Ligand SMILES: Nc1nc2c(ncn2[C@@H]2O[C@H](COP(=O)(O)OP(=O)(O)OP(=O)(O)O)[C@@H](O)[C@H]2O)c(=O)[nH]1
Ligand SMILES: [Zn+2]
């Protein structure tokens with residue numbers, strides 16, 4: 001095994017990616033992982049460290065949808081000039097997993113947040129922030145993107161033990177089977193267990209509301225004072241802007257994606273992801289008379305029967321119904337969404353005309 005290969009494996013490189021690169025006729029010499037993105041500038045990471053790159057004109061020409069652009073965690077094939085400071089990205093290797101959100105301000109477009117993570121660590125504080133519905137939404141989003149969810153309930157030092165116990169039983173009662181770890185940065189409950197659970201070569205992405213303690217946890221994992229989060233600063237006459245690295249390798253070899261832009265995190269749900277956190281409802285659904293039962297009014301619907309018998313929780317079911325609706329919307333093609341917008345535009349125009357006539 002070449003030295004470069006073993007070094008890349010420490011960044012998450014594997015046989016699947018090697019196969020994809022080979023299919024594109026790209027040598028291992030060209031591959032690198034995206035450590036951060038800052039507008040049109042990408043910070044890449046390979047066995048020799050970080051370097052800057054841009055997308056080639058041809059790549060931009062052929063990939064116009066936002067989700068086709070590389071994000072932190074992606075693997076790309078890049079051409080590096082001899083003394084040229086920017087690498088040129090020609091190819092992005094297909095993602096195994098991803099995490100996306102609604103674009104800020106955009107209605108239909110989704111935006112990639114991170115790619116190729118093995119686990120997404122959903123962080124909620126058990127003090128004020130705890131919200132079962134939001135947790136379910138995060139779980140749906142994570143599973144839709146193909147990664148494995150892991151839940152942290154932080155700030156356990158601020159609540160009485162019975163509050164935490166009640167939250168944990170609410171989580172289980174909702175059919176959520178993901179691991180849940182109570183943690184406190186103050187009492188240090190759960191910190192060592194979290195560290196033990198982070199495996200070398202695996203990529204972890206942290207998500208959660210602002211203020212729940214993500215940065216504190218990540219700083220703890222990095223170990224304060226280490227240089228790993230150091231910015232790659234400007235060189236020469238300030239030709240480059242500073243790009244803060246978001247993909248960090250911990251001392252134990254685990255890779256962590258720390259996302260600064262999580263504040264406007266929207267939830268993009270899709271049907272595939274629903275299975276995981278609504279196992280109970282899905283299991284019942286297999287007993288419905290019709291295979292495509294929508295569990296709204298059909299005869300022989302096992303889900304509605306369970307609901308009226310009180311075997312499933314009303315609120316849990318409503319959550320399921322809402323997410324299924326959202327999933328349908330996000331699965332509509334772009335054209336369908338455009339048509340919907342156009343029809344709405346026409347409708348507005350006709351209403352205006354009618355108003356003038358009166
Ligand atoms: N009591 C208590 N406070 C905590 C704990 N963890 C973090 N905090 C405090 O909560 C505040 C927010 O913590 P951060 O780590 O900045 O939270 P964050 O999730 O990174 O927030 P953003 O950076 O805004 O996304 C800080 O004042 C921390 O000191 C904890 O376990 N217990
Ligand atoms: Zn049904």
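Cβ atoms here come from the backbone N, Cα and C positions, even for glycine.
Because TrEMBL annotations are produced automatically, they should be read as predictions rather than curated entries.
Over in TrEMBL, the protein carries these features:
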{"type": "DOMAIN", "residues": "109-265", "note": "domain 'CP-type G'"}
{"type": "DOMAIN", "residues": "115-263", "note": "domain 'EngC GTPase'"}
{"type": "BINDING", "residues": "154, 155, 156, 157, 208, 209, 210, 211, 212, 213, 214, 215, 216", "note": "GTP binding site"}
{"type": "BINDING", "residues": "288, 293, 295, 301", "note": "Zn(2+) binding site"}
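Here the features listed in TrEMBL are painted onto the structure.
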residue	record	Cβ contacts under 8 Å, 6 or more apart
154	GTP binding site	123, 124, 125, 126, 183, 184, 185, 212, 213, 217
156	GTP binding site	126, 164, 182, 183, 184, 187, 189, 190
216	GTP binding site	185
288	Zn(2+) binding site	295, 298, 300, 301, 302, 303
293	Zn(2+) binding site	285, 300, 301, 303
Reduced to three DSSP states, the domain 'EngC GTPase' (115-263) has 47 helix, 33 strand, 69 coil
I'd like to know which of the binding-site residues listed (156, 208, 210, 212) lie near ligand 2, counting only a CB under 6 Å away.
none
Checking the binding-site residues 154, 214, 288, 293, 295 against ligand 1, those whose Cβ falls under 6 Å of one of its atoms come out as 154, 214
I'd like the number of other C-beta atoms within 10 A of the C-beta of residue 295 (Zn(2+) binding site), please.
21
Determine which residues of the same chain, besides 288, 293, 295, 301, have their CB within 8 A of the center of the CB atoms at the recorded Zn(2+) site, and list them by sequence.
285, 289, 290, 294, 296, 298, 300, 302, 303, 304
If you count other C-beta atoms within 10 angstroms, which of the binding-site residues 212, 301 is the most crowded?
212
Reduced DSSP state (H/G/I helix, E/B strand, rest coil) at residue 295 (Zn(2+) binding site) is coil
According to DSSP, which kind of secondary structure is residue 288 (Zn(2+) binding site) found in, if we only use helix, strand and coil?
coil
